[in-house]
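Structure record follows, encoded as structure tokens.
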Amino acid sequence: MDRILTKEEKQALISLLDLEPQYWGDYGRMQKCYKKKCLQLHPDKGGNEELMQQLNTLWTKLKDGLYRVRLLLGPSQDPNASTSTSRPGEFYNPDTGGYWSYSYGSAGYSDQQKKYWEEFFSKWDVNEDLTCQEELSSSEDEFTPWHPNPPPSPVSISSDSSSSSCDEEYPRNSSRKRKRVHANGSPNTPIQPNKRAHTPGGGRTTIRGDTDIPRTPARESQSTFGSYFNSTEELEEEISQTQQSHHNTTPKKPPPTVSPDDFPTILRGFLSHAIFSNKTQNAFIIYSTKEKCEVLYEQIDKYNPDYKGIFIMKQTEAFVMFMTPGKHRVAAVKSYCCKFCTVSFLLCKAVTKPLELYNCVAKCDDFQILKENKPGLYHFEFCDEKKEVKQIDWNFLTSFAVENELDDPLVIMGHYLEFSQCESSCKKCAEALPRMKVHWANHSQHLENAELFLHCKQQKSICQQAADNVLARRRLKVLESTRQELLAERLNKLLDQLKDLSPVDKHLYLAGVAWYQCMFPDFEMMLLDILKLFTENVPKKRNVLFRGPVNSGKTSLAAAIMNLVGGVALNVNCPADKLNFELGVAIDKFAVVFEDVKGQTGDKRHLQSGLGINNLDNLRDYLDGSVKVNLEKKHVNKRSQIFPPCIVTANEYFFPQTLYARFHKVYNFEVKDFLAKSLEENSYMGRHRVCQSPLTMLIALLWNVPTENFDKSLKEKVETEKKVLSDMCNFTTFAEMCLNIQRGADPLEAL
């Protein structure tokens with residue numbers, strides 16, 4: 001075994017195993033020390049990685065060397081086996097004339113193995129006899145006779161017999177006997193049990209026959225490695241049997257204590273049971289023995305705890321609870337504490353309710369508070385007196401946008417910024433103008449929410465969300481409602497606006513109706529036909545063309561109808577590659593108007609040519625309304641829908657037959673000078689855009705169309721407004737308005 005490792009490696013291994021030099025060769029003891037040191041030096045247990053690697057390297061080299069030595073072992077038999085008087089398990093050495101024991105028992109003995117052992121025994125110093133000095137007890141019962149068939153055991157060979165520990169006290173009842181071997185090769189004659197040798201003076205001589213060989217740990221280790229086995233399992237089994245036989249007189253060890261695998265049930269409700277979580281905490285509790293908790297109480301100062309305390313349970317187990325100013329992972333805290341707990345158990349968990357846990361420990365009789373760095377934990381240390389911060393109500397702002405059909409985020413933001421002002425000093429609320437109804441009707445309700453909105457950092461996001469909410473509700477309504485219902489809802493809102501107008505304003509809008517009556521004698525029938533086409537929306541029978549010279553009233557009438565039904569105006573005179581986003585404006589609209597479309601001039605040299613008519617000719621599937629088309633806006637996904645019906649206004653351009661066939665109604669406009677003169681005489685109609693107002697179209701319907709033609713849901717309001725109009729202006733007054741217009745005078749002249 002000494003030839004397997006060098007002297008330096010041997011000393012290093014003994015140092016790493018914390019083993020005394022005299023136990024070198026005691027494989028069982030060395031293996032036990034190796035396992036113990038593995039627990040201490042393993043990196044996962046907080047040990048030194050370099051020392052662990054060095055220990056593993058030396059231990060592996062030792063085991064491999066022992067294995068190779070065993071492979072070289074083999075039996076040697078007595079040349080006169082039939083006449084040999086040696087006991088079983090002993091063999092004759094022809095070079096020295098001595099005997100030695102064996103216990104490996106392997107069959108076959110090669111020349112190479114024989115040569116190895118000849119070199120090994122040549123180093124023995126056989127000139128000096130092996131002796132053992134000891135005094136036997138006077139009692140005859142204490143003498144142990146030689147057994148004729150002792151169990152085979154290897155001879156312990158020592159280079160210095162005087163340095164052996166024969167003078168020490170050892171148990172006398174050892175079951176293993178050794179026979180002394182003389183240099184002449186003949187064993188001593190065994191002494192009989194009742195036979196003793198005496199000195200001439202009557203003294204007792206030292207018996208030099210069978211003696212009890214002291215079994216010190218050092219001799220035990222030498223004896224162990226003096227014999228070789230066929231396998232590692234036999235070696236370990238022999239070691240365990242040998243150790244047990246030499247410790248029969250020692251008291252039995254108490255049964256090992258079972259370490260707890262979890263915290264007590266009373267504390268589990270205050271702890272975090274997450275195992276694989278990386279969440280950081282600032283309160284922890286450690287469960288270990290009382291002695292280790294006292295050590296850990298001092299070691300956790302590394303975390304600068306604001307509070308730490310030891311709680312004792314059952315006088316043997318304890319807990320260390322501590323709270324840190326910073327946050328740490330449970331695994332990191334446990335790994336640090338495990339460095340100080342090589343044998344003792346240790347459990348570590350995060351505390352989710354530190355105050356409740358402390359109160360539970362303080363009140364429970366099973367626990368005792370051993371020490372603390374400060375006198376306890378109190379409720380005020382965990383309570384922050386924070387003022388309740390009010391936040392803006394997003395839903396309330398959204399309801400304001402939905403009620404007033406505001407789909408522009410900037411408009412919503414502007415209203416709410418004005419709502420934040422004091423209501424008593426608000427001019428809009430003081431004037432209470434009908435066109436400012438959105439403001440003065442909602443100022444008082446949204447004042448408090450608007451003040452919070454004023455200091456909010458997410459104003460644009462809130463308004464954008466409200467606008468999206470309006471668009472979402474509108475799209476859903478378009479999908480679920482019929483076009484008759486949509487038109488009725490639109491007229492209902494206009495009736496509410498008409499109700500708020502003053503009599504003077506109503507006279508002004510009634511003059512606009514008279515203005516259109518002078519443009520087309522059957523204006524009411526024309527308006528009803530257009531509304532019918534838009535409402536029924538029959539493919540290829542839904543589009544209208546307004547065609548005529550400049551300043552004939554095409555754009556004014558088209559704009560008034562679009563405002564009545566809730567449509568938009570589009571420009572198709574742009575290049576074809578820009579049409580997609582222009583057409584996307586028509587998403588979810590009731591109708592559209594292609595305003596002032598240009599085309600080929602033909603014989604009209606005074607007109608400018610353009611791409612509008614050519615682009616419309618390429619949009620036949622849009623105009624027909626037979627199939628769904630893809631409409632898109634910037635930053636919005638494409639949407640497939642039937643393109644809404646349209647009104648096309650154009651001058652006297654050439655229309656190809658493929659495009660002209662898409663219009664179900666064509667109205668030719670003419671220039672009437674008196675219409676322009678009457679508008680010049682009444683500046684109010686121009687400034688307030690009476691001719692383009694939806695209220696003008698609504699009053700035209702109320703004035704000319706019977707109540708039965710309106711939707712049932714509108715009849716009550718229609719009858720009320722009809723009565724108001726008839727009381728305010730009779731047919732004679734209306735006829736005078738028409739006469740004034742035809743004369744080119746102010747429609748309200750002398751009225």
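Each residue, glycine too, has its Cβ placed from N, Cα and C.
From the options 130-134, 395-399, 500-504, 625-629, the stretch Swiss-Prot describes as region 'Binding to host RB1 protein and transforming activity' is 130-134.
Between the stretches 83-89, 174-180, 251-257, Swiss-Prot puts its motif 'Nuclear localization signal' entry on 251-257. Counting every protein chain shown, 18 other Cβ atoms lie within 10 Å of the Cβ of Cys429 (Zn(2+) binding site). Following the DSSP three-state reduction, the secondary structure of Cys429 (Zn(2+) binding site) is helix.
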